[in-house]
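J.: According to Swiss-Prot, the ATP binding site annotation covers Gly10, Ala11, Gly12, Lys13, Gly14, Thr15, Arg123, Val132, Tyr133, Gln200. Sequence annotations record features per position, and here Swiss-Prot assigns region 'NMP' to 30-59 based on sequence analysis. Residues or ranges marked as AMP binding site by Swiss-Prot: Thr31, Arg36, Gln57, Leu58, Val59, Gly85, Phe86, Pro87, Arg88, Gln92, Arg156, Arg167. Summarising the annotation, Swiss-Prot assigns region 'LID' to 122-159 and lists sequence analysis as the type of evidence.
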Amino acid sequence: MRIMLLGAPGAGKGTQAQFIMEKYGVPQISTGDMLRAAVKAGTPLGLEAKKVMDAGQLVSDELIIGLVKERVAQDDCAAGFLLDGFPRTIPQADAMASSGIALDHVIEIDVPDEEIVKRMSGRRVHPGSGRVYHIVFNQPKVEGKDDVTGEDLAIRPDDEESTVRKRLDIYHEQTKPLVEYYGAVAAKGDVTYNKFDGTQSVATVSDEIVAVLS
């Protein structure tokens with residue numbers, strides 16, 4: 001069961017990824033984790049990646065594909081894997097396909113931009129403990145204060161509305177074209193493509209995903 005998750009930042013992919021991993025016992029493949037592990041292990045690709053990163057440059061698609069290929073060949077991926085956050089672009093998807101990494105299911109979690117902005121820009125964090133609140137969905141007992149310590153809550157830079165909108169712009173420009181790309185692959189019968197309404201409850205989305213994967 002080789003699964004890829006698609007959706008904008010804040011659409012709830014992380015929550016569903018966790019659910020799929022636990023339900024089906026497949027590992028999540030994150031390119032960030034892979035890079036760190038390869039660098040730590042000192043593999044040839046890891047050393048190459050370290051050189052590039054130490055120079056402050058972006059790791060090339062070829063290098064990332066090489067790491068993904070190495071990773072999916074490991075024993076824990078025998079029953080499948082879950083890709084989240086990769087591929088991000090059509091060239092990456094093409095390179096992945098031509099290197100023989102096939103997918104069975106593409107799952108898109110769809111949430112309108114304004115809902116994502118509401119979700120993410122409403123988050124408030126207690127810096128000392130990492131406790132997370134939300135001005136709409138999970139309010140603190142006293143506005144702007146941590147329930148336990150009474151200290152001030154803060155907005156993470158990542159959750160500032162302008163930052164959220166910037167990330168959404170990048171998603172629409174680079175990653176959203178993959179929706180059409182994998183739609184075309186699915187039309188040829190090479191993969192199943194399913195789109196879920198991410199504004200529903202977490203449990204509802206999980207149930208719908210299970211119905212498709214079973």
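From the backbone N, Cα and C atoms, a Cβ is placed for every residue, glycine too.
Tell me about the setting of these features in this model.
T.: Around the Cβ of Gly10 (ATP binding site), the same chain contributes Val111, Ile116, Arg119, Met120, Val164, each under 8 angstroms and 6 or more positions distant in sequence. For the recorded site, Gly10 (ATP binding site), the DSSP three-state label reads coil.
With a cut-off of 8 Å between Cβ atoms, the residues of this chain six or more beyond the region 'NMP' (30-59) that come close are 66-68, 70-71, 84-86.
Of all Cβ atoms in the shown protein chains, 17 besides its own fall within 10 Å of the Cβ of Val59 (AMP binding site).
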J.: Counting across all protein chains present, how many other Cβ atoms fall within 10 Å of the Cβ of Gly14 (ATP binding site)?
T.: 15
J.: What whole-number distance in angstrom separates the two most remote CA atoms of the AMP-binding residues Thr31, Arg36, Gln57, Leu58, Val59, Gly85, Phe86, Pro87, Arg88, Gln92, Arg156, Arg167?
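T.: Max span of the AMP binding residues, Cα based, is 30 Å.
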J.: Identify which of the binding-site residues Arg88, Arg123, Arg156 has its Cβ surrounded by the largest number of other Cβ atoms within 10 Å, counting every protein chain shown.
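T.: When each Cβ's neighbours within 10 Å are tallied, Arg123 leads.
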J.: Distance check, please: Cα of Val59 (AMP binding site) against Cα of Gly12 (ATP binding site), rounded to an integer number of angstrom.
T.: 27
J.: Provide the number of Cβ atoms within 10 Å of the Cβ of Gln57 (AMP binding site), excluding the reference atom itself.
T.: 9
J.: Under DSSP, is Tyr133 (ATP binding site) part of a helix or a strand, or is it coil?
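T.: DSSP assigns Tyr133 (ATP binding site) to strand.
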